[in-house]
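A.B. asks: Below you'll find the structure I mean.
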Amino acid sequence: MANEVILLDFWPSMFGMRTRIALREKGVEFEYREEDLRNKSPLLLQMNPIHKKIPVLIHNGKPVNESIIQVQYIDEVWSHKNPILPSDPYLRAQARFWADFIDKKLYDAQRKVWATKGEEQEAGKKDFIEILKTLESELGDKPYFSGDDFGYVDIALIGFYTWFPAYEKFANFSIESEVPKLIAWVKKCLQRESVAKSLPDPEKVTEFVSELRKKFVPE
């Protein structure tokens, strides 16, 4: 049933995008509920009382929190279709390592690109580019991070792409000139229905980030 799975989310969240993609990769029907993060719903506060953050995946009334954990949960529960994590334990561990790298390194670096200015922004931009180059090196000449099949690391990373134009606008640089293979990977991912349906328009995200930046960077 469609209401068996509920996703509490916020449209420009690169973390929520992961869960949307994973559900669609598995063909799972779900009810999407947009959250107002300035006025969080009672359901969000009830289902994620520790962090009070989106996304929250609710399956048969039970919450699963943290996007990367949600992706693993979705892969395990709906295991009959489109495996997300590799079956080999070593390859699975490697995929988890790179997803963890994205969460620990990329998020903080990208935030400095759009939410700071001056020397701090330049340092953040340098870190951000180095992290993307590390990821591009790991991708190599493979179609996807795990090889021929779209999977866990791809899902962990692809949502950040929707923020790329905002990074470029506010930090005045070209991501494609720095990591062309990574952008080719982005274009390949966007051909997947699960991704295309789950990612918002990057221009709309840039408008959102423009407003958000005003709160962090006084003119």
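A Cβ is built for glycine as well, from the same backbone N, Cα and C atoms used for every other residue.
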A.B. asks: Where does Swiss-Prot put phosphoserine, among Ser137, Ser198?
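C.D. replies: Of the listed residues, Swiss-Prot records phosphoserine for Ser198.
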A.B. asks: For Lys40 (glutathione binding site), what residues in its own chain, 6 or more apart in sequence, show a Cβ-Cβ distance under 8 Å?
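C.D. replies: Same-chain residues close to Lys40 (glutathione binding site) (Cβ under 8 Å, separated by 6 or more) are Lys52.
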A.B. asks: Restricting attention to the domain 'GST C-terminal' (88-208), give the mean pLDDT.
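C.D. replies: Reported value for the domain 'GST C-terminal' (88-208) is a mean pLDDT of 97.
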A.B. asks: Ten-angstrom check, please: count other Cβ atoms within 10 Å of the Cβ of Ser67 (glutathione binding site), all chains counted.
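C.D. replies: Neighbour count, Cβ to Cβ under the 10 Å cut-off: 28.
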A.B. asks: Out of Ser13, Asn39, Ser198, which of the recorded positions has the smallest number of neighbouring Cβ atoms within 10 Å?
C.D. replies: Asn39
A.B. asks: Taking the Cα atoms as reference points, how far is Ser67 (glutathione binding site) from Ser198 (phosphoserine) in Å?
C.D. replies: 14
